[in-house]
Amino acid sequence: MKNAFKDALKAGRPQIGLWLGLANSYSAELLAGAGFDWLLIDGEHAPNNVQTVLTQLQAIAPYPSQPVVRPSWNDPVQIKQLLDVGAQTLLIPMVQNADEARNAVAATRYPPAGIRGVGSALARASRWNRIPDYLHQANDAMCVLVQIETREAMSNLASILDVDGIDGVFIGPADLSADMGFAGNPQHPEVQAAIENAIVQIRAAGKAPGILMANEALAKRYLELGALFVAVGVDTTLLARGAEALAARFGAEKKLSGASGVY
């Protein structure tokens, strides 16, 4: 078993991604052919469940883009289901400390290394037990990325980085800026300083730093600092702003107030 995304991070090859929030397999397949290295299927803020994640994994599978799945929470039951339908790389939200990071890793590993339940006869991940020795290969193919999104998590970053099995740490600029008192303004100098310091610290620890940033200048800055998995856009934003701009160019009567938001 292989995990091309995990291998790329280990090799230090920057991976450029796109966020998927439309919760639809047709749009996921369309975007899988756009040339991004990875696509984030969002189960935290988009209306996804295990079934819709499955159909998007199936839609993306024939393409080079690698899927990353974000569950709604650091929940071992939900993680088990996502792994069974074929997710190999998970982005775990709101990890605050090393204990929570260890729990995330344990949820992705079969015993004795972890607590993942064994149900491979029912699992797409094992191709319904057609992958030889799946139970002994699966652990090494898992890629665990944890999100730090608060001042508390930032203060615990060093201990989180010490957790065995953590492949990367993703900085959540929207929640971090809100927690720091600058909601809706991740470009505030204090927030930017925290982000840049974290990227350098994560990379120095031998882990992969990641972030979502639609501002192209900032995204390139993070890559220069050593970020290895950077999402540079969101499908819902691309569609909404593109449609609004097209309507405006043809003098559409409905006048929209200026769109706002972090991404």
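Note that Cβ sites are derived from N, Cα and C of the backbone, with glycine treated the same way.
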Substrate binding, same site as Ala174, Asp175 - Swiss-Prot member from Gln137, Gln147, Gln201:
Gln147
So around the substrate site, Gln147, Ala174, Asp175 aside, which residues have their CB within 8 A of the centroid of those CB atoms?
Pro93, Met94, Glu149, Ile171, Gly172, Pro173, Leu176
Which site among His45, Arg70 has the most other CB atoms no more than 10 Å from its CB, taking these as recorded positions?
Arg70
Entry from the binding-site residues list Gln147, Asp175 having the most other CB atoms no farther than 10 A:
Gln147
Assigned element (helix, strand, coil) containing Arg70 (site 'Transition state stabilizer'), judged by DSSP:
strand
